[in-house]
Structure formats: structure tokens, C-alpha cells
Amino acid sequence: MTATTSPAPAGTDPGGPPESAGSRPPRRSLRGPRRAGRPVERGASRVFRWTATGAGALILVVLAAVAVFLVVKAMPALTASSGELVDSVSFMRNSSSLADYVGPLVFGTVLAAVLALVLAVPVAIAIALFISHYAPRRLASGLGYVVDLLAAVPSVVYGLWGAMVLAPLVQPLWSWLGSTLGWIPLFGGTVSPTGRVILTVGVVLAVMILPIITAVSREVFLQTPRLYEEAALALGATRWEMIRMTVLPFGRSGVVSAAMLGLGRALGETMAVLMILSQGFLYSFLLLAAGQQQTIAANIAAQFPEASDMGMSVLIATGLALFVITLVVNMSARAIVARRKDFSGAN
Amino acid sequence: MAQRIDVKDLNIYYGDFRAVADVEMSVEPRSVTAFIGPSGCGKSTFLRTLNRMHEVIPGARVEGRVEIDGVDLYAPDVDPVAVRRQIGMVFQRPNPFPTMSIADNVLAGVRLNNRRISKGDAQDLVEQSLRGANLWNEVKDRLDRPGSGLSGGQQQRLCIARAIAVKPQVLLMDEPCSALDPISTLAIEDLISELKADYTIVIVTHNMQQAARVSDRTAFFNLAGQGQPGKLVEVDDTSVIFSAPREQATEDYISGRFG
């Protein structure tokens, strides 16, 4: 693009008001040379532009660097023959190939994260709605603070709590579930006497991801335009009907994003799973039995200290799988949000 | 369907602040009553007490009586939700639900009242309401598109269609044309003239020509000064208010000497 208007000489700018033409530098007037062609950015505006662009580029660079690292380091395991892997990697002795090893881990990871999400999302939405639309103002801010505090607890503490307090505590409940609802395949099998099973992990992960989902949902719900809430109320909606007509549809994409943030954390959670779960390498939906599942992150942490070079490469290959899962989850979440974009209220 | 409104000794508060004091007036059925007055005089606040929308603001409360055909809206056993189902409201800024299609917007209030409505009945009601709001011909081919894709004037008529779909007894309009261009305003004013055959209409407006054009009766509100409560100065036939008002303040306001 080139400038289409030649700069007006100083002092004879026809666009400026007469009293300012002489007293101000001509480039301050609206039709002065600065705005004649492509706008020239200066000072803070330029700094900001490059900072923002830089930050945006940085995230791509980091993402690419992680992906490259994972692929390069996993390459030996990806290219090695199955026999070679099984012979040289001690923790793969029960697997026949890399896929055979990674598969159950992917399954366990997704199962634990989905359990956590299923348990956490309804509770988080309920808490967020209570804070945003039901609670008296003072209680609301206090409660919001407490929920945020849950996010500040380190995951190793959750692991300790889960293994030492929650697991014995919920074990009788799991036994009861197993004896009364055992005909549902999920609750079948021998109920673990220790309570250190994937359902307990799901509960702990749910508690861990609750704050982020609640906080984001609460913010989204508070953004519902007053205009539409009043429209619903004026039609004779009760408070719950008003929430169903306006708050929830408006917050839909935000809640999906919040859930995805939570899911991301649940997928990658290491310590809590490692400390609670009695591990196994099966494609098993038995939520109450011991020794059935294991997650990728916890498995990496467990095997990492004693892994040989090839073993390390196998572990990084499982990490690559986790990376891909997370990407797929996020992209499908975007797709869900985008599908009803016309009706999102953003236009 | 249309019913009269009697307001007796009404005081309206935001917390401790008395926003409107001692309103006493009647609104005739099947007529258009306009509220005029300077900004902040409490005419919108007063309008919102007529369907108990005032109290959705935290701390807001009302003392006095508002009777619709003799039934006090503020009696202890009256459910505000039920009141709002019988008294429709159109807001200053068009607010069709952007998450719903045009047809669903029209049916929003009906679905609240009566969940089970057959598909055929629903279609008939959508058409009837949109025709009633003079919008049918413009949107009949895109009833399943979001209401937010319409122009401002069309959106406001959609809001009117939504309000009349539940066949309310009274229709309240809070400056319904202030966000619209002159042509859309004209469309809404024509619509108001048609609707008054069936509904009792109360309209708040900043536009005195509009009040003179559409209303049968006009109420003038004023406030003595900042921090003072707004008061109803006088209410009379529109022709009287605009030609020979009793109060000097009214004459000053309508002749543009202040406000």
C-alpha cells in the first residue's frame, strides 16, 4: 500500500480548524500526513503490538518445541521392532508391542479423566450458578474465595489425602455399590478392600479440577447480559427458568471451555494418581476393582527412575500419546462450541 | 383481555432512597397511556412496578397498591411470576434471545406457561403473533434463524410479538423506540395504534411528539431536584396536556423551556 494523499505542508492544512492550524503541529490534525496513507504506529502502540505478537508467537514456538522434543526422543521406540523393545525394556515384559503397551495406558488416562469430568462438571456448574445467581452477595464472594483456594492445594497433598483419608473412607460405599449395583458392568468384579481404585482417583481428580471449572463458569455466568435476564423475567420466568433460558445458553461455550481446561488437568495429573491408584494394564471398565488401570502420566513417573535409554524412549512415546489426546480433546471442544456459533449470543 | 390499572398511594424505593413518591393514577383499558418527563424522574421505575419488575433489582421495594381490575399486585399472596405472565413488557433496547430462533423467541413466553403445545398450534401462534407485530412478511422465510440477525426495528417488533404471544392483559413499553431509526419508530407507533384495540398499553417515552401521536392519555412526571423523589405532576387526556395543561411545570416541559 502506498500513500494516496500527499502530505499537506505545515500551516496550510485545510482540514484543521482555523484556530488550531497555527498553534498545533499539523500532524496532530485528523487529515494531516500521519493519517494520509497507512497509519504509522509509534511509541507505546508499537511496543504493545510487538509484545502481543511476540507472546502469540512464543506460545506456538513452545508448543512446537514440545512436539519436536517428544517426537525426536520417542523415535527410537517408534522405530524399534517389537521383539527388540520387549527384550530391552524391563517394564514391557508383559506387552507384545509398543501399541500393546500404550493402548491400556491411553485407555486408563481417558477413563480417569472422563470420570473426573463427569463427577466435577455438574457440581461445578451448580456451585457457579449458586455463586452467580442465588447466593447473597457476601456469601457469594466468600464461597468463591474458598473454591479458588482448592486450586492452590498442591497435587501431592491431594494424593496423600486421597490415599490415606478418602480411600478408606469411601471403601464401604464402594462395597455397597458393588453389592447392590454389581449387575451394572462398571461396578462389577471384586471390590478392592483398600479403596485404591480408579473411581477414587476420579473423585480426587474431580476435586482438583472443580475450582478451575467453577471459577471460569462463574465468570461466564456473571457475564450474561442483564438485558436478556430481564427479558426472561418479564415473560414470567422463575429464576430457574430464567437461568435455563438465558444464563446457560449464553454460558454454554464458556462452560465447555472450562470443562476442557479441567479435562486437560485431569489427563495430565500425575502425583495424585500415582499415590492412590493400585495399577494394572488392562482395558477394564471395572471402576471398583484393584489392579485394572493406569494413566500415562502416573506411569511415566513410576517407571522413569529405573528406565534404560530405550525404556525412556518408550515412556516419551506414551507422553507423545498424551500430547495427541490433549490436542484432539481441545480441537473437538472447539468444534462443539463452533457448531452453534450463530446462536451463541456473540453476534 | 384488556384491564384497567389503578395505582394508589405508591412509593418506590431503591434501598433507603425514595425514587418516586405518592403516585395516584388510573389507566383505562384499551387505551394508550404515555409517561413523559425529564430523565431520572422515575417514569421507567414506575412502569417497572406495574409488573413487579422493579423488585428484581437488589434492595428495590415498593409501598402502596397497584390494582389490576381490583386485584392488588402487591398483596402477600400474589406471585410476581404470575403477575409478569399477565403483563407483558417491551424494553428500551431490543432483546430477543440470541440463543433462540425467531420462532422460539415468539414461543418463549408460551412455553413457560404451558409446556405442551402441539406443533400445529405453535406454528399458528408464531404466525399470528408475528402478524400482530407486523413482522410476519419480513421473517416468514427464516423463522429458524437467530433473532439477533434482524435489524434493530425488526428485533423490537419481535420482542412485541413475543410479549403479545402470551395474550397479556396489559402491555408495558419502556422507551421502545429510543434505539430505533425514524422508519422503524413509525412502524412501532403504527403497531401501538393497532394493538390498543386489544390491550391496555402503557408507554414511557422521551419523545413528546411520540406521546402526542400515539397516546390517549399522558402522565407528566417531574422531580424537584437532585436527590428528591420523582412525582406525578398531572395526568389527563393527551390533547389537554399538550394544549392546556393545568400545571405550569407541564407547560414548561412540553413547550421545551426545560427538561
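Any Cβ shown, glycine's included, is placed from N, Cα and C.
Copied over from TrEMBL:
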COMPBIAS  A:1-24  compositional bias 'Low complexity'
COMPBIAS  A:25-37  compositional bias 'Basic residues'
DOMAIN    A:106-333  domain 'ABC transmembrane type-1'
REGION    A:1-38  region 'Disordered'
TRANSMEM  A:47-72  transmembrane segment
TRANSMEM  A:105-131  transmembrane segment
TRANSMEM  A:143-161  transmembrane segment
TRANSMEM  A:198-217  transmembrane segment
TRANSMEM  A:271-290  transmembrane segment
TRANSMEM  A:310-331  transmembrane segment
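Remote same-chain partners of the transmembrane segment (A:143-161), defined as residues 6 or more beyond its termini with a Cβ less than 8 Å from a stretch Cβ, comprise 127, 130-131, 135, 204, 207-208, 210-212, 214-215, 218, 269-276.
With pairs at least 6 apart in sequence, the transmembrane segment (A:310-331) and the transmembrane segment (A:47-72) have 3 or more Cβ pairs within the 8 Å limit; the two touch. Within the chain carrying the transmembrane segment (A:310-331), a Cβ under 8 angstroms from the stretch's Cβ atoms is held by residues 66-67, 70-71, 73-78, 80, 84-85, 88-92, 98, 101-102, 105-106, 109-110, 260, 263-264, 267-268, 296-297, 299-300, 303-304, all 6 or more beyond its ends.
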